Amino acid sequence: MSQGAVMSIDVSVPSAIRNAVEEKYRNESWDEHEFHKLRYTAINVKPDDFALEDGYELRPRSYGRSIEHLICVTYYNEDKALLSRTLASLFKNMRQVHNSKKKFWKAGGPAWQKIVVCIVMDGIDHCDGDVLDILATMGVYQHNLCEGETVFNIPTSIPTAAHLFEITTQLVVTGNQQLIRPSTDSDNNMPPVQLMLCIKAKNAGKINSHRWIFNAFSKQLNPDIVVTIDTGTYLKSNALPNLWEAFYNDQSLAGACGALHVDLGNPSFEELSSSLLNPIVATQHFEYEVASQLERTMESSTGYLSVLPGAFSGYRYRALAGKPLSEYFCGDSAMRYEPDSKATKDIYTLNRFLGDDRILAFEVVVKPGGRWHTGLVSNAEAYTDVPSNTTDFINQRRRWLNGAFAATIYSCRMFLRLPTSKHNVVRQALLLVQLFHNILAFVLAWFSLSGFLLTIFVVNDISGNPPEGSQAKGFPFGSATPIVNAVIQVIYIATIVLQFILALGSRPKNEVFSYVTSFIIFAVIQAYMMMNLIYLTVRLLGFKLRDDGGNNYAFINEYFSDVGWLTVLVTSISIFGVYIAAGILALSPWHLFTSWAQYLFISSSYTNILNIYAFSNVNDVSWGHKTGKTELAQMPVSTEETSQVPARGSSIGGSDQEEQGAFDLDEEFERVVTRALRPCKRETIPEAEDVEAKFMKFRNRLVAAYIFSNFLVCIIVLDQTFQGFYTLGDPYWHKIWFFRVWMWGNSSLFLLKCAGMIWYRARVFCYWCLYLVRGSKWDRSFQPHPSQC
């Protein structure tokens, strides 16, 4: 059919799909074709121009349904197993919503009619043919419909921006490629799902995919909540209902994320052990658990999550309207080529949009006139796949670190907009506390390169080079220890220099051996330093207990006394005790036994490899993609040239080709003559700006500042020529003051996180106590929720 100039058609689905619908759901839908017809629409406008006035209407809106949830699943080129497991887990969560007895699920009609799932594929050329077969099996795709001429029997005119498919289905394929179809009157059947598939004609990035969701589809459906899920994310049982409840019971909640965990495979000993024996996976497992248990809980207590992960987050659509979305879509690469576009082109802002999941999280909190906050919903859990090799790990962290670096600077600067919001005094005070936390974390991260180097060098020197006159021997190699330590120092510095060479001159996929070797070197040196730290602690305790043979180790006590016992005690408790407390209070301490050791060994590589590579490639504003992807299955769709439909307002009737051709030829000739007879005007053409050179210049200055600032700290602390340096005195006190500042800085971060975590857990405990006192009945009058501040 043609709605004005819009090319849209309803086609029949195979009989197997038509028959895979329970009769009771046919009666709930007033349109008998909802389960029997697949609607295909060739969209030839930008997302912002997808409007009813131009003839574009989504099926759920045409049915007059009130949509509570619009769930967006973003896809690039993942395989069918990843997409299938995401969709299967999503359908199972929707079944839990449908079977729920709570009143607010049932108000206003069946729960399945309030939810729309939209899969957005980022570019038709990158789609895996096997994935399209999975979608065709579910009924939401047919191979021949992307061919505009074949379907509409009309000549092509302008390129199609996106292909949109819509259907309601009860079919889903699991991650191990098992088809789930409804059986007769079973509670285990999947409910109907209003499913949309948007295949973009060209790859334009994740922000552009979200632009289709927020600026095109959400404007029509007007959902209360928009949930974003990455392909590969597996939702745990009740994740979606719990996320929905958080929004329902806290009307000022603008954004929320679930607790993300690393997918370690099936819960069998063999798979778990094989995953955790990979130090890259184990380190990320520990990192994700700490992020959910400690960092997100602290941020949730202040009302501002610095990041809402795209893997599993939800947004209140009306909270995003206006400035938050307009700022977010300035990072859409497709907008840079549109006339009168506000899309940015400078390197700093482009890096900020690499941290796309940080932009909306900040903009919605400081929205002028708003009182919105964001929070963690800890009982909405999901699993995500993570890089398992150094190449993918480094590439992913390059984007994350550069995005976080630029976004942190932006948020610290833009906190001046906080008074324009309507947050109360308490909320603003909490947000200022988090601002202090973010600035302190930024400074410590910047100087972590010198921090690790100085810590390793000084600790090894204290244990391996006792002062003259002491009967203590160097540990662990006796008199040869200073030589060994000198060799370790040379290797450590040389490996750091190598990181700059590799980062500036090559790519991780071309230097796999060098990067793996670097990870091993830093891990061994870190283990050596930790061994020396344990030795110093044991000797110090022995000295205090006077069972170590006199004053042989008094020099160790002198170091600790000068640094300060309170400093050492607070640092030890905050760094180690906070992790333990967070795991116990979350009732999930198992990562401390399975992944903490791997994290400790690789922690220095986060700075020495990942940070260096990220800063050295700050001029690279691409997203990057995983390695090891097998060749895509052949695409069963036409090429871009055949994927076109007529322009709006054009005639779709036949015409005399010869007359049209002659008319076009005469018109073209007139234009040529006009140009040929135009008076010659010599204009000075300005030299085109070399964008790449500009980006490289920014990169060089950033790397230089990073190197020299950290080098200066090392010189001040270690070099003997600074012994008369103003207030710090001789080099010995340089080291003492360095440890005081470094230890108290890190301790402050951990203690702030611990305080926020304890406050969050206390609110969760009070929440459940209120829930139990009030009983299991849940209604709108019962407001307390862990996401509230």
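Each residue, glycine too, has its Cβ placed from N, Cα and C.
These come from TrEMBL:
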- 4-68: domain 'Chitin synthase N-terminal' (DOMAIN)
- 439-459: transmembrane segment (TRANSMEM)
- 479-505: transmembrane segment (TRANSMEM)
- 512-535: transmembrane segment (TRANSMEM)
- 563-587: transmembrane segment (TRANSMEM)
- 703-722: transmembrane segment (TRANSMEM)
- 742-760: transmembrane segment (TRANSMEM)
Taking residues 6+ outside the transmembrane segment (439-459), which of them lie with a CB under 8 Å of any CB in it?
408-409, 412, 489, 492-493, 496, 525-526, 529, 532-533, 536, 604, 607-608, 611-612, 706, 709-711, 713-714, 717-718, 735, 738-739, 742, 745-746, 748-749
Considering only Cβ pairs within less than 8 angstroms, which of the stretches 512-535, 563-587, 742-760 has the most against the transmembrane segment (479-505)?
512-535
Close approaches to the transmembrane segment (563-587) from elsewhere in its chain (Cβ under 8 angstroms; 6 or more beyond its ends):
289-290, 292-294, 297, 378, 596, 736, 739-740, 743-744, 746-747, 750-751, 753-754, 757-758, 761
